[in-house]
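Report on one structure; see the data block that follows.
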Amino acid sequence: MSTPQLMQGMQKDLTCQLCLELFRAPVTPECGHTFCQGCLTGVPKNQDQNGSTPCPTCQSPSRPETLQINRQLEHLVQSFKQVPQGHCLEHMDPLSVYCEQDKELICGVCASLGKHKGHNIITASEAFAKLKRQLPQQQVILQEARLKKEKTVAVLDRQVAEVQDTVSRFKGNVKHQLNAMRSYLNIMEASLGKEADKAESAATEALLVERKTMGHYLDQLRQMEGVLKDVEGQEQTEFLRKYCVVAARLNKILSESPPPGRLDIQLPIISDEFKFQVWRKMFRALMPALENMTFDPDTAQQYLVVSSEGKSVECADQKQSVSDEPNRFDKSNCLVSKQSFTEGEHYWEVIVEDKPRWALGIISETANRKGKLHATPSNGFWIIGCKEGKVYEAHTEQKEPRVLRVEGRPEKIGVYLSFSDGVVSFFDSSDEDNLKLLYTFNERFSGRLHPFFDVCWHDKGKNSQPLKIFYPPAEQL
C-alpha cells in the first residue's frame, strides 16, 4: 500500500462517523466501533434496555459514561493532526477544485491526471457558493426524511404498546378465567366432599349400631363358652340342665344375628361421563350473567307488536301505527333490543319454542335497516335462523346460508358475545345445565353492536308464535 493510500485510510479510521471530525476523546464500546465520547453521549438512550445507549452503527447497547477514553488512539489523532490539512494526501497539493461527479474536494493533479480525469470539475470556491445555495434545500430534504422516520418510529412505538397491551389483557383474561375455573372446581370439590362425608357418616353410624349388637352377642357367646367348660365335669342332672340352656341360647343368637350383608355407599363415580358433566356445569357457571334485555319498539317494523313489558314480540296481520324513526326496520319483520354493547362479555337467551321460522344474533351500528337485508358478516350481520321448523342455518359470507346439524328442536337459544375473544356463539340452551354449541362466528368487533331479532312473516298464522327474551324471576337468580 502506498503512503498516500495509507494516509487516506488513517484519516477514515480516525474520523468519527457522527460528527465527521477527527476523534475527540475517543471511546470504544464492547461492539468495537469508536466515536467521540461527546457524540456517543448525545445519542438518545434506549427506553427498553435499562437506559443504555445503542451503538449508532450496530445498535448494540452501551453506556458511554462508563467507558474509558482510548488514550492511545487519542495520541494517534494528535499525531495525525500534524499532517498538513487542506492538502491532497496522495499528491500533497492544495485541495483547490471539486469533482461534481464524485462529489469530492480534490487537487489539480487528481483532476488532470488522476482518477477524476475527464469528470466535470469546478473550482472549490464555485462549489462552495453552489452548495451553500443548495444548503437550505438539503436541510428541507433532511428534515422531511427525519420527520418521516420519526412518524415511522412513533407508529412502531404504538404497535409495541398495542402488542404489550394485548398480551397484558390476554394474560389478565387467562388469569381471570382460570381463577374462575379454580373457584368453581373448589366449590364442586367442597360440595362433593360434603356429600362424601354425609355418606361416610350414615354408613359409619349403621355399622357402629350393628357392631354394638354383635359385641353384645359376642359377650354372651364367651360367657356360654365358660359355662360349657364348667359343666364338663359335673353330674348328669346338672350337666344336662346347663347344656340345654346353653344350646337354646346359642340357637337364639344364631337366629337373631345373620351374617352382615355388604353395605353400599352411594358416591358419584369419577368416570369420563362424570368429568364431562362437571365440565358442562362449569362451562355454564363461567358464562357471563344473563342480560336482562327488552325489545326496542322504536326499531320494530310496522307489523310487529311488542308487549308492554318489552319481553315478547310477534308479527300481526295488520300494520301498526308507528312513528317514522331512522333506526326502524321498514321492510323486514325485525327489531333490536334497547340494550347495546361496545366491549366486554355478554350472554342472553331467547325463547323460540315451536316457532317454525325465525332468526337472531347481533348487528353492527352501521348495518342497513332499510329495504331488503343482506344478512352477512361483511354487511354487519352475525345471525343464525330456522325455517320450516327443522332447517337451521348460519348466515355466512357464502351465497347460500350454511346448514347446521342440530339435534332435536331447540326451544331456547343462548347468544354469547365476547369483544376480547372476537366471537359470537349460539347455543341450544333448552337445558340450562347442558348448553349445546350450534355455531360460532369469529370476528374482530369494533363499534357498537345490537342484539338482533327477526320475527319473520306470520304466514297466515302458521308463524304467529312470538319471540320472547328469557329472564327468570328475581327469586330464581
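Here the Cβ of each residue, glycine as well, is placed from N, Cα and C on the backbone.
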Annotated range (Swiss-Prot: zinc finger) out of 83-124, 125-166, 209-250, 419-460: 83-124
Of 16-59, 368-411, the range Swiss-Prot labels zinc finger: 16-59
Binding-site residues listed as PRO56, GLY86, GLY108, least Cβ neighbours within 10 Å: GLY86
THR53, PRO56, LEU89, GLY108 screened against GLN17 (Zn(2+) 1 binding site), Cα within 10 Å - retained binding-site residues: PRO56
Inter-residue C-alpha distance, GLY86 (Zn(2+) 3 binding site) and THR34 (Zn(2+) 1 binding site) (nearest angstrom): 24
Candidates LEU14, PRO29, THR34, GLY114, LYS117, namely the binding-site residues, that fall within 10 Å of LEU105 (Zn(2+) 3 binding site) by Cα distance: none
Mean predicted confidence [pLDDT] for the zinc finger (16-59): 83
